[in-house]
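Chemist: Structure below; questions to follow.
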Ligand SMILES: NC(=O)C1=CN([C@@H]2O[C@H](COP(=O)(O)OP(=O)(O)OC[C@H]3O[C@@H](n4cnc5c(N)ncnc54)[C@H](O)[C@@H]3O)[C@@H](O)[C@H]2O)C=CC1
Ligand SMILES: O=C(O)CCC(=O)C(=O)O
């Protein structure tokens, strides 16, 4: 995060005071969460919440349940949220949370107790006008429902706007589940258009088959793009004739959210998927999967980053040299936070929008953001990632100057 920030800040001529204010998080909270397990023992989990910045509005960002979460990762993810919200003009600052745990090895009851313990510990941090969490890796609608319930109990009244990505019956927004993948599809189409590649003749490989990966694959397929490879933590699956994504989703759902044993494709590794001869590569699982080691072998003409931080900083230069266009994470996956913002607006209005309205507004936001970043890349003669940082840092820095107060 910092290496890209530094490049963009230098091009923008950011003054040292503003640079110093933007580079560090405004708040970092670390908690230990004792949780009674089903066997009666107590496990203590480490939890984090970082608010990177709140100049543009309350903190906003997901909660990650994963074994490798640590403070450094959450700090980077929170900063990315600041830049992401600015790129799509969502009036929020950046935040992120995490709990070091393996949700796949926990029962539903254990996950509920953990989510409630985390919410209790963060009750003074969260708030609809302060810091608004959402789902990220390892969490989804159910965790958001528990979080809303626990927060509402603590505050003594129903508080829907404290969290987004909720189930519809609790004040969730239509279109939020699909929003991140939809944004990937919209920005992918915009990029293919610039590259003069017809989607009907294009092939794609998608890494990760959770919320972002599976829906990106499904929506890219709906645009005529042939999905030749998909993957999840169990491995990667390749079929040169195209994978039927709806069928793969149904298989995964019936198989405890795993593609393990998926038969209608040959087995390859997650690393092999990244270097397939395809037009579009969508990394939609983990960070740092595209490295300086494998970047030289990447054959895709376009990378659309569904995941946060999938490309390491030193791989960028190699990809640029190879002429590969990247739609960077802070643009490509911003459809999720855009519809989270719409959800928060609907919670405040107490009036709920149709799916058609949500999608139309989100698509427009994503197309406009793509074009703004694309134009900045031409104006400053930089790649799309640095252009996105330039657009975002400029907005946040100008807001800081208007706020004054020093
Ligand atoms: N859910 C959302 O709305 C948003 C998510 N993101 C980012 O997208 C990425 C994926 O998030 P979600 O889809 O929400 O998570 P998820 O938990 O729904 O799915 C994660 C997927 O990654 C796979 N995976 C895990 N370890 C893997 C490995 N070593 N190799 C290959 N695949 C592996 C899992 O099997 C699963 O299919 C993360 O980087 C997240 O921060 C970004 C913006 C919004
Ligand atoms: O929907 C949101 O508020 C944030 C989602 C998120 O964590 C992300 O975009 O990385």
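Using N, Cα and C of the backbone, Cβ positions are placed for all residues, glycine too.
All annotation found in TrEMBL is predicted automatically rather than curated by experts.
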Chemist: Based on TrEMBL, name the residue from 258, 312, 340 that is recorded for the same substrate site as 60, 84.
Modeler: 340
Chemist: Please list, in sequence order, every residue of the chain apart from 60, 84, 340 whose Cβ lies within 8 Å of the Cβ centroid of the substrate site.
Modeler: 61, 81, 85, 90, 92, 94, 134, 334, 336, 337, 338, 341
Chemist: Rounded to a whole angstrom, what is the C-alpha distance between residue 180 (NAD(+) binding site) and residue 340 (substrate binding site)?
Modeler: 10
Chemist: Name the residues of the same chain, 6+ apart in sequence, whose Cβ is under 8 Å from the Cβ of residue 136 (site 'Important for catalysis')?
Modeler: 61, 62, 63, 64, 77, 96, 98
Chemist: Which of 211, 340 has the fewest nearby Cβ atoms, counting only those within 10 Å, among these binding-site residues?
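Modeler: Per-residue Cβ counts within 10 Å for the binding-site residues 211, 340 bottom out at 211.
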Chemist: Nearest to residue 211 (NAD(+) binding site) in three-dimensional space, by Cα, is which of the binding-site residues 60, 84, 340?
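Modeler: Minimum Cα distance from residue 211 (NAD(+) binding site) across 60, 84, 340 lands on 340.
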